[in-house]
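I have placed the structure first, in the form of structure tokens, so that the comments after it can refer back to it.
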């Protein structure tokens, strides 16, 4: 009865009968114990199997070979390889079944090296391998990539005259496929059993490995012509190749065929379909495949979640993650890592903490991929102490661990911490990769720290990573943001391979540095090289036209976006056009353009128009722009300041005072102007009229002397136009000294004559300071690079790169 239950897979019934036998005081024989152990193995009753093992030990049957074989099979199925090996080492005599079971178990779990070690022991024991042994060993060789050993087994198989069945044939084919010997694999396939669907699937995998979609599709068509009916593994093989090679349209056709043959509802096929559509952004189709599944497994849900994360739809990813759990599906390590990435993407720390707790509950606390994602989560959310704590707890750190911490700090604005980690990474001897340099260079760029950026650049040169297009793109952005446009152009010119990002970055950099004509020339070169401009390209092009006053050319480029290149304009493009018209003083035309926009104008568009009205003293259109702007952003100080200044420059003091009162009543505070300059590795910050600096007296004394010198060549201060006469009399004259003047004066005092002065300001530079810097550069013979909130100004020999058109 026990044997019958065991052979028919009725494990629970077999174990119950065994317990009844025990209660009846019937002593089990070794054969009974072997049958019960086999039943427990098939039914995965591992706890009960351990109890039977105890009975085996108690009865003294451990020396029985067939009992030992049953115990080994139980523990291998349970995944306890140590226990299986212990039973094996304690057995006084082993037969071919013992070795085959062990070799097969280790090979199936990709412990190829251990499987080969056991084979060596089998040979030393004098036992000859059979077809089952060789098939398992071939699988082991395939898993560890040992083609040479696999070829020896293949030769042994032929020399021993063993009959080649479909299992051995499949193992041989699998060996050559996984080891990349596609030619030999094809020879075995052609000489083998062409009616076996497994062999056809393996050939699809073979050509999928080398991304040869044409050959994969040819095999797939031959398979159908031969009348071989695909199974649930056939479609995933060809679909994965479509995914890897980017032929999503062909993947759609295979999808249609899977529907016709009734495999769309198969979880394995659907999981690969969801992955394919999700990776290429066809998320609606991926979602439909998921929803049509009657029974969804963890792979299907996880593929959908990962697709959302990949395309920055983090809220949708977390909603799907919750939906999966509501359906009773327990997430695996990939699902948890994807959910943690989604939390990092939207800085959802509360949900991230819940996922962190779930990691421990699910038993994945040793999974490095999840820990790497959690490190990035805490870093991106600005939780530096927790991020470092998790980081230190990871025993075996890889490049992904380091990069997750660096990029996380960079994305949360903790740029200094990101660069410190980069330095530590080098000290530990960890290997840099392209992502390390891109994240570190971006951190330097966002700090406008050209010194740190150049140090990272030097390290990239030493490690040979400057040949990577992504690294060069980051370097162009670094030098562009730090005011060194010549270095940016040099990096661009030395690139061996450029992509759209390369061109967009250099075009935008030239535009921001007042080199609009160069930017437009680069745009022409980009098109000649066959690269299609995108929405980012046109922002740079339109800004370039704005900065050099090319109105009609700018409008022509704007029209070409949709007419020639199929790029739909977004609010940023409309704001650029308003800026083009506004800077040129064509305010009526700018207003008409805004009113005819196909979408409601956003705050950026109205702010651009209001700024132009202030410059050109058009209060009528300025009031219209301000009305819309204050409705959209009632708590943004910049809107009130622009309108207040517009009233001031037109002499409407009562209106200006009303706007200021409105700010006070609404609790809106003006952002104070502030400027920064780096001197001897220390950043010095200044406010307007600032006297907090330790060298304030010397700075003001130097500034007074400098003002006298530039006054002699024609400089006249124009800082009082925003205040009426009574206000000018009441204010301390030093309060009119803007922060950028103080920063420049300190730089002239502190930096050697050969060094350019690099100053950053958080607001737009005013007319007076702009004029003052031109005269200062002329008198001192120094180059001054000022980065304000809109663009760069390079002052040399009494002129500015913007041509006084900013």
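Heads up, residue numbers simply count up from 1 along the chain you see.
Placement of Cβ uses the backbone N, Cα and C atoms for every residue, glycine included.
Under the heading repeat 'PPR', TrEMBL lists 1-28, 95-129, 196-230, 297-331, 367-397, 398-432, 499-533. As annotated by TrEMBL, domain 'DYW' applies to 714-806.
Long-range contacts of the repeat 'PPR' (297-331) within its own chain (CB-CB distance under 8 A, at least 6 residues past either end) are made by residues 267-268, 270-271, 274-275, 277-279, 281, 283, 286-287, 290, 338-339, 341-343, 345-346, 348, 351, 358, 362. Long-range contacts of the repeat 'PPR' (1-28) within the same chain: residues 35-36, 38-45, 48, 52, 55, 59, each at least 6 residues beyond the stretch ends and with a Cβ under 8 Å from a Cβ of the stretch. Each residue in the repeat 'PPR' (367-397) gets a DSSP state, and the totals come to 23 helix, 0 strand, 8 coil.
Per-residue pLDDT, averaged over the domain 'DYW' (714-806), rounds to 83. Under DSSP, the residues of the repeat 'PPR' (95-129) split into helix, strand and coil as follows: 26 helix, 0 strand, 9 coil.
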